Amino acid sequence: MTFKNFFHTNRIRFIFMVLFSLLQPFVLIGASYLNMWEFTALRQHDGQAWLLIIAFTTLAYLSSYAFDWGSEYLLTRQVQEFNHTLRSKIVSHVYHDHKNYQTSQVKNRLTNDLNTVNNQSFNLIPVICNFLGYVIFSVIALLTMHWSLLLLILISVAVSLILPKIIEKPLQRATEKASHQNRQYLDLIEKWLSGIAELERYLAGDKLTSVMHKGARDLEKANLKQTQEQQVLSIITNGVAQIMILILFVWTGILIKSGLVTFGAIAVIGNFSHYISLAIEYLPFYFGLIKGTKTLRDRVTAATLPVKTDGQNLVAPFAFSTKDLAISFPNGETLKFPDITVNYGEKILLSGDSGAGKSTLFKLLLGILPPSSGKIAFKDQEGKVIKPDLAKIGYIAQDPVLFPSTIKNNITMFNPKLNQLAESAAVAVGLKPDLTQFAQGIETKVNLQKLNVSGGQRQKIILARTQIHDSKILLIDEGTSAIDQAGTRAILQELLKMPNTVIFIAHNFDKKLQQLFDREIHLSK
């Protein structure tokens, strides 16, 4: 997220944005310069020249508004396109990184982080160009009038910047005193009011009143002292500023009297002084804001980089085994798992006590959680250990994830090549009767806010999704908990006919349902 990238988003647009931002102060300085000759024309009673200058001045002011609007419009377009590119790269990075990103973290990166960087970096480009233009063109205008005016203005600006730093120490001491007194007062309130019941019991309310009154009086004195120091600083700085302005006007008058500058200079010299003073005051502040976002810009840049792979070919896993697998949590709890071997095509019922780690085992297999010790070995169809493509493992979580699109798209996961298989997958998992309840059938759009599909229908959609994508290993966590027993049996019979390796977490299955599986693995704490 660099200024170079921002520039390359649209070079021509960026150049015109900067150009308009520089032209805006150029025409304003030009208008001020024309004002000088306007007053001179009035003094010389040259009505024709005066009207002509008025016309050009009006045109200059109108142009300044146009350039200002144009630069803001181009900036908005540039930022929008830049953000769109960044968001696409961030989403792509998260998608391909296969890490367990928190939703709030990704949301913050896509919204707040980008807005912060924009407001404190890229949105400042036209403003900085404006102030640079004011300085450059004011200096040029002053040099065409008389070099001594520029020198005097620079001295005035330097004094206005340095003076507060010289006399700010008393104000700092007063501010620190007020802050200290405020902390003491809050501490006083906490200590005395926490024992108010005891004070009431012994009728010692007068003591509470006197203590609180003294604390408030001390805080008031500290705040009053701070205000006094602020007023003194304001009086001194404003007084010196007025003296410098008076000197500037007196010197301008001397130059006019000597015939070194035109009469109208007296009317515009204050404008040039104001432009230069304002720019010198704010430019360091804006550059400081930009510098302050460097760390955040670097983090956003890192989040947009393509995910690097280790160069090895990843293979879809068919089976797996675990050895000495364990995971420790921040709260000190540790889950240890028995050594497990699951062969290709096996249908496993995974059971166990609540908290024994059934869902955690799935997350370890999926790479969502890293193991604290032990290892997982994934194997191909021949039983050889491979570097697995974990994205090829099918997973049905306890809370099925659907998207605000059609039921068909939720089954195919937006792969148009699978559209023709969606209907048959819906039939296989018993979803077909549910689709008849919707006017648009499988083309019905899922409404996540109004939840126009039931919990059981959601699980069937996910089951159809896993079937159509033909994952060689299928992990199902309570995948039929919202479906009645008859429906569960029908779905399991169809599901377990497939050659895939299936590990199914379930509670309270009767013996008939348990017998549908090849074997059961029971986890205990």
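From the backbone N, Cα and C atoms, a Cβ is placed for every residue, glycine too.
Listed in TrEMBL for this protein:
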DOMAIN    41-292  domain 'ABC transmembrane type-1'
DOMAIN    320-521  domain 'ABC transporter'
TRANSMEM  12-34  transmembrane segment
TRANSMEM  49-67  transmembrane segment
TRANSMEM  124-143  transmembrane segment
TRANSMEM  149-167  transmembrane segment
TRANSMEM  232-254  transmembrane segment
TRANSMEM  260-289  transmembrane segment
For the transmembrane segment (12-34), sequence-distant contacts whose Cβ falls under 8 Å of one of its Cβ atoms, 6 or more beyond its ends: 6, 53, 56-57, 60-61, 63-64, 67-68, 70-71, 74-75, 77-78, 125-127, 129-134, 137-138, 141, 268, 271-272, 275
Positions whose Cβ lies under 8 angstroms from the transmembrane segment (49-67), at least six residues beyond its ends: 20-21, 23-24, 27-28, 30-31, 34-35, 37-38, 41-42
PLDDT averaged over every residue in the domain 'ABC transporter' (320-521): 85
